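A short worksheet on the structure shown next.
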Amino acid sequence: MAHVMMMRLLCGRGYFVERHNFVTAFSRHWAHSLAESHSSPESDSSSDFVSSPPDAECVEVLDNSTHATSANSSKEWSNDRQLDKVMSRHLDGAVLGVRRLFNLVKQEKFEEMLLIHDELAEKEKDTLHKSMDVVMYSRLMTRVRELGPQYVLPVFQRMLSVGVVPNVVPYTILIQAFMETVAREDGKGSRVVSPTQELHVLRAFELVKEMRSKGTIPNKLTYKPIMSWLSVKGRVVQFQELAKWMEEDGVPFDGVFKFYEIQLFLQSRDFAKAKTLYLTAKDLDQKLPSSLDARFLTAFAKDDEVSTVVGLLPKVLPTMKSSASVVAAFQCLGRHFQHNAALLAFSILKSKGTNEQQMCFYLNAYIQGFSQVGKLADAINAFRDVEAIYQIQGGQYVFNILIDFCCKQGKISQGLDFLDEMQSRKLELSCFTFNPFIREFGRWTMIDEAFEMKAAMLRLGVQPTVVTYNALISACVKIGDLEKACSLFPEMKELGVNANTHCYNPLIQGFAMQGRFDRALAIMKEMDAAGVKPDVNTYRLLIFACSLSKDQDRADQLFAEMLERGIKPDESIYTVMIIVYSKCGNVDRGIEMIKSLEESGESAGTEAKSAILHGLSVTGRLEEALDLYGAFKRENVLPHSYAVGSLLAALGKTGNLDRMFEVFEDARGDENWNRMNLRQRAEHLNIRCINAVLACIRHNQLGRAISFLRKVKEEGIADEGVLFDKMFLHISSGGEDENEMRWLDINDGFLVINAMRELGLRPSRMSLEALLDGCAALNDSEQAHRVLQEMEREGLQLNIFSMIRLFRAYVAGEDEDRALDLLHQMTAEDLKDSDVRLLLVQTLQPHYVAAADSPIAAEALETLPRVRKRLDELLGGDMIPDTDMIL
């Protein structure tokens with residue numbers, strides 16, 4: 001060591017100058033190599049340059065490379081005090097000044113550092129550029145950036161002032177500093193881009209332009225911070241401008257820039273473009289952040305793009321961190337019965353070391369997918385398959401899902417089998433295990449079974465919940481046993497279960513629907529006393545009950561009371577109020593309510609306006625109804641189906657068939673009734689078709705009815721068999737619809753039969769027997785005999801129930817001869833049936849009562865004495881009503 005020191009002292013100043021020049025030359029060479037290189041470390045995250053300086057690694061490499069050749073001597077130079085003294089004597093002022101600049105930065109004395117730099121620039125004009133070239137300024141900019149990005153620009157400006165020409169490195173560091181300042185302001189929580197941020201982004205853009213104009217080619221690190229920020233803000237135009245510059249500069253637009261581009265279109269709400277870019281990147285096996293994979297996997301799964309999900313899973317599962325997105329994917333696979341894809345996904349998860357608890361979690365999601373589309377058998381098979389292949393023991397949650405699934409499908413027995421299996425596996429039972437059974441028993445009015453299941457819960461140590469009691473109370477209300485429902489509240493209190501509005505509201509509704517308003521209001525007071533405040537639904541149920549009893553005054557009182565309580569009415573309240581006004585023939589009051597609502601700046605909504613349309617239609621105010629319907633269409637919405645039906649029926653009644661069919665075309669579109677399930681939609685179309693056909697027939701437009709029915713058949717608009725059966729049932733009720741509009745008589749029924757034959761259809765037994773019921777309702781024996789002839793024409797033999805229907809029509813029309821002849825046709829075997837005997841006696845009961853008045857009445861033709869006598873003979877006096885008891 002002493003020998004080395006002696007040699008250095010003998011070399012004097014020349015040694016250190018030569019050493020410094022060597023290091024500087026090497027640093028310049030390395031910096032130029034860095035500037036010309038386009039490859040750089042990429043990041044998964046768009047915020048890398050914010051959370052840590054993007055060039056930190058680059059700078060560290062720069063520092064290491066600069067001194068790599070003389071690492072040992074550098075350490076000696078830094079640590080040997082004697083050597084420092086030698087340097088102080090022999091190094092020129094410029095070199096010492098540079099060292100001092102870095103020391104001041106290390107001491108965080110930035111202002112003093114600038115002063116020293118300026119003094120040094122003045123004193124060492126000829127030598128400073130040798131000691132402080134572009135590499136050293138780049139290092140100094142990096143060091144001051146650690147103090148704060150705002151300190152970088154002054155150093156950059158001083159570099160220019162001493163005549164040092166910047167290359168890509170200082171430009172990049174300055175751009176990063178500007179964008180770091182922008183990002184720090186984003187971190188304060190404001191979503192609005194401030195003028196200061198705009199200015200810094202503009203400066204960054206201008207620097208890139210300046211570089212390119214001077215022939216200094218930007219690299220990835222130059223573009224990265226700007227592109228990252230633009231993508232987060234969804235600035236498509238500026239982003240695409242920079243992407244074009246990158247292409248012109250030969251900078252590859254790959255890796256993290258692909259991520260930025262996808263993020264850009266996500267933020268700008270162009271989801272279709274973002275999806276396309278993402279899938280293209282995955283097809284090319286480009287690395288993207290796991291968070292982005294999770295976001296798109298969830299989106300594809302929720303949109304049921306099952307083929308895309310199936311293709312993505314093998315690519316993203318090995319690195320996926322988001323369990324929520326995997327759950328969404330498994331649910332999608334279950335909904336579409338992609339069992340092979342699901343098995344592959346489970347295999348990947350198992351191979352990456354996913355624990356059994358998490359595997360069970362995903363199994364739950366997979367089975368839940370089946371339940372969402374009602375594939376019970378497939379769900380059970382898939383469950384057994386996954387358990388067997390991957391040795392996963394399904395836990396309580398998957399069994400609860402299966403039990404709930406079975407109950408919703410009406411397979412309660414199968415659900416009970418799963419309950420037994422849970423017990424045999426010693427799985428924990430919970431309220432989620434039992435509540436589905438109680439709910440379904442209640443739905444089918446199997447009250448005893450529902451209460452027994454609740455008792456089983458208690459025996460097995462499972463605490464019933466408020467949901468349990470909600471189901472029990474609703475079941476009791478459904479069968480009208482309101483007192484039993486009331487008896488559940490003390491039990492709830494004893495068990496510490498707090499009742500909620502879902503417990504009280506069904507009970508209030510039940511009493512109100514029975515017309516027992518005083519009791520309903522008493523329940524509401526009990527609800528208040530228990531600390532459960534009545535809500536909008538409470539008042540909606542009460543007001544709707546007023547519509548059934550046509551009690552407008554009570555509805556107004558309830559509405560006022562609700563406002564006094566501070567409960568803000570929603571659309572459902574305005575709707576039921578308008579229904580009340582319509583039912584009470586006061587549609588104008590409903591219209592006033594809507595106007596008042598809109599004047600206050602609120603919207604009445606589709607529900608309330610649909611109720612107005614219904615009210616105008618049923619009260620015959622067609623011109624106003626059509627105006628309102630036109631307003632709906634101009635807003636590109638349709639009123640509710642019941643309101644459209646009322647309008648269509650009213651148009652048909654008045655004979656405005658052209659307009660009626662226009663409304664029908666609106667009503668038939670599947671996309672218009674997304675609030676309905678398939679069964680409701682089919683019923684809706686059947687009723688609308690019936691309205692249209694009956695209107696044509698009623699206005700002597702049989703040809704038009706036949707043309708329409710042909711269209712119904714050819715286009716599959718409705719099931720024509722069901723359609724005709726419902727039409728005849730409508731006639732059998734006396735030809736009145738739900739709005740008390742009288743439409744048809746029996747003659748119209750025969751016109752319908754002719755229309756069926758025109759279409760190549762044959763009337764069914766049910767249709768013709770429905771006509772017989774219509775004849776009985778209208779006391780028309782002649783038309784009943786005509787129906788008999790139609791049945792004979794169709795080759796339909798009279799069975800005993802057809803005979804009873806025909807007998808009723810003959811008796812109602814006081815056609816004694818035909819009724820007597822029909823009794824003679826009944827066989828002794830038919831009359832052995834107690835139900836048949838009872839029906840015959842009930843048919844003649846009014847005549848037995850009338851005949852009991854006096855001997856003269858007993859022989860009067862209108863009491864059908866011969867028919868009564870023949871029935872007495874057939875029944876042997878058995879089951880003949882006791883007229884004294886009747887009287």
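Positions of Cβ are set from backbone N, Cα and C atoms, glycine also.
The following features are taken from TrEMBL:
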- 692-832: domain 'PROP1-like PPR' (DOMAIN)
- 395-429: repeat 'PPR' (REPEAT)
- 430-464: repeat 'PPR' (REPEAT)
- 465-499: repeat 'PPR' (REPEAT)
- 500-534: repeat 'PPR' (REPEAT)
- 535-569: repeat 'PPR' (REPEAT)
- 570-604: repeat 'PPR' (REPEAT)
- 764-798: repeat 'PPR' (REPEAT)
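Confidence for the repeat 'PPR' (500-534), expressed as mean pLDDT, is 91.
Mapped onto DSSP classes, the repeat 'PPR' (395-429) shows 26 helix, 0 strand, 9 coil.
Beyond the repeat 'PPR' (535-569), the same-chain residues lying 6 or more positions past its ends with a Cβ under 8 Å from any Cβ of the stretch are 501, 504-505, 508-509, 512-513, 515, 517, 520, 524, 527, 576-577, 579-581, 583-584, 586, 589. The repeat 'PPR' (430-464): residue composition by secondary structure is 26 helix, 0 strand, 9 coil, according to DSSP. Broken down by DSSP into helix, strand and coil, the repeat 'PPR' (570-604) contains 26 helix, 0 strand, 9 coil. Broken down with DSSP, the domain 'PROP1-like PPR' (692-832) shows 100 helix, 2 strand, 39 coil. DSSP assignment over the repeat 'PPR' (500-534) gives 26 helix, 0 strand, 9 coil.
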